[in-house]
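Engineer: Pasting a structure below so you can have a look.
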């Protein structure tokens with residue numbers, strides 16, 4: 001009889017009760033700050049007192065002289081790191097699922113940089129990239145090549161940082177690809193073998209389309225990661241020389257350091273909207289590509 | 001194959017397990033060590049000499065928040081003496097320096113968790129903390145009678161004083177290697193043209209004339225900042241006009257000149273100036289591969305710590321003006337020590353500061369930390385063994401040929417100046433363009449801080 005008294009509505013409520021604890025944590029720690037940031041982005045704020053100034057912060061943010069560089073650099077950085085991680089990750093993934101004898105060892109070698117602290121990697125590479133004392137240019141000098149000033153030359157500084165990001169992040173991409181490739185049933189390959197396909201056909205007609213879900217994860221993760229990237233750039237160049245490697249995130253951070261809390265909050269809201277505008281359509285576009293196994 | 005991988009998996013598991021265990025063990029070990037050291041330091045050694053009637057019967061502990069880049073040796077010496085005399089212990093609460101430190105201090109103030117005593121920059125940065133809200137008004141405290149008038153405006157808001165000086169002042173100037181100067185037959189330049197002539201000779205001798213250390217981008221600001229005493233000689237009201245939105249860097253010729261001077265130095269700099277750090281620059285200056293370094297004189301203490309036998313080989317001259325009789329030295333005021341208004345031990349903190357900011361306190365400080373410029377406490381003398389470079393600065397003070405840096409006269413200092421000066425110094429942008437960009441940066445700051453007249 002007790003059971004019968006549970007109406008449909010209370011049954012539904014009953015399930016929500018289980019979601020409540022997680023929901024409260026999510027609301028307090030994630031949703032509430034997000035909503036508050038929309039408000040504080042329209043104030044002049046010193047962490048204690050605020051006064052409402054409407055959209056002035058947004059105007060100031062968009063008139064920031066280094067903002068153009070920031071937007072351009074952020075896009076370049078995201079596209080370069082994302083595409084390199086996809087290409088290299090896929091190649092490594094294929095190589096490390098093949099019959100190589102030492103693939104277990106190689107897998108850990110490729111994954112190892114992912115475990116390191118980004119700041120430590122940044123500091124280590126910035127000393128290796130020193131134009132005259134650094135390991136990289138000293139090695140190049142042995143071969144008779146005069147290496148460039150990797151982080152001082154404004155035309156390549158951003159790419160140097162992106163290269164380090166790829167070195168550090170490709171391990172994660174590879175692991176995702178390996179998981180994707182391993183989940184492809186062996187039958188497809190056997191069928192191809194019977195039809196007389198070669199290694200290229202194996203890759204192009206089976207691995208490539210069937211690994212699409214994994215590839216989408218890699219693209220989304222690394223693209224969003226690239227858009228909001230900050231720590232590596234800060235550790236290696238602090239946005240310099242001048243403003244040449246400034247990303248949106250580092251511009252926001254510098255405003256925060258200057259004590260412009262309202263302004264930097266406005267910057268974060270803009271970054272949030274910008275990343276969403278790019279990431280959601282990308283996700284939609286990519287999910288169309290996925291093939292059901 | 002499969003068996004082999006299983007085996008390797010097992011060994012990897014075993015290895016990681018072993019690693020985890022050992023790391024857990026070492027963590028425990030270090031914890032034990034920590035508690036041991038704290039217990040051993042617990043029993044305090046009470047000295048009998050120098051005790052006064054003001055001595056507390058029970059030990060009082062004050063916390064002093066200080067950045068981890070400032071050498072605390074001198075302050076510790078004074079703190080030890082204070083403990084002997086007043087039974088007031090000082091606990092040093094280290095915080096990061098630079099911008100990160102600023103954020104930390106602001107957050108601690110906003111959340112009401114500041115230590116009893118706070119060590120912080122004087123001037124524009126200090127005023128940005130809103131000292132009138134958080135720190136004790138010390139205008140009428142007896143120890144403030146000792147403090148020189150030149151220091152007071154840098155820690156005052158609306159005519160009330162909120163901090164005492166932490167030590168000696170310093171200068172933003174050019175450090176130079178005296179031995180190389182003597183070898184090349186050079187003399188200290190009195191005008192900007194003489195400086196450039198010296199640069200040519202040094203360059204011809206195959207050495208770096210001007211050391212650039214732009215990897216630490218703050219160092220790129222020095223030529224602009226250290227020029228301020230010269231700017232003021234030409235435009236005496238610039239600081240006030242600048243604060244009140246009446247004068248700009250770009251359209252005040254004397255101020256624009258500071259950026260132009262920076263732009264003229266690029267041909268004389270070391271090849272790797274974009275990758276050179278402050279520490280590497282100091283090394284170059286000491287070993288003579290670099291001959292001149294525009295820097296704050298606190299570098300003298302770094303040199304003394306690392307290369308003590310070379311310290312008397314480093315001299316200091318003021319950044320020359322275009323005209324010899326306008327050349328003046330730009331002075332950086334010492335950091336401020338203030339008392340947190342809502343601290344638990346305000347009375348003890350007053351006693352602490354009363355002794356600290358006395359000629360006697362400064363003399364004790366000088367036994368462990370040599371001054372990097374003259375003291376701003378009346379009656380505090382430079383010790384006889386002061387750095388040669390500091391002695392070389394004294395004529396600028398005796399003749400009154402000096403002025404505080406702009407950041408001590410105005411609350412405005414645009415946060416992007418280091419990046420803008422890197423661009424000018426490296427020849428990526430013209431002095432005129434970036435003087436304009438800096439004016440914009442300052443305007444943004446003034447608006448964000450809500451300063452009147454902007």
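Numbering starts at 1 and runs along the chain as displayed.
Using N, Cα and C of the backbone, Cβ positions are placed for all residues, glycine too.
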Engineer: Tell me which of A:49-70, A:203-224 corresponds to the transmembrane segment entry in TrEMBL.
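Structural biologist: My reading of TrEMBL: the transmembrane segment range is A:203-224.
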Engineer: Let me spell it out: take the transmembrane segment (A:260-283), skip the flanking residues so only those 6+ beyond its ends count, and list any with a Cβ under 8 Å from a Cβ in it.
Structural biologist: 34, 37-38, 40-47, 50, 53, 57-58, 60-61, 216, 219-220, 223-224, 227-228, 248-249, 251-253
Engineer: Counting Cβ pairs under 8 Å to the transmembrane segment (A:75-97), which of A:18-40, A:109-129, A:156-182, A:203-224 comes out on top?
Structural biologist: A:156-182
Engineer: Among A:18-40, A:109-129, A:203-224, point out the range having the most Cβ pairs under 8 angstroms from the transmembrane segment (A:156-182).
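Structural biologist: Ranking A:18-40, A:109-129, A:203-224 by Cβ pairs under 8 Å to the transmembrane segment (A:156-182) puts A:109-129 first.
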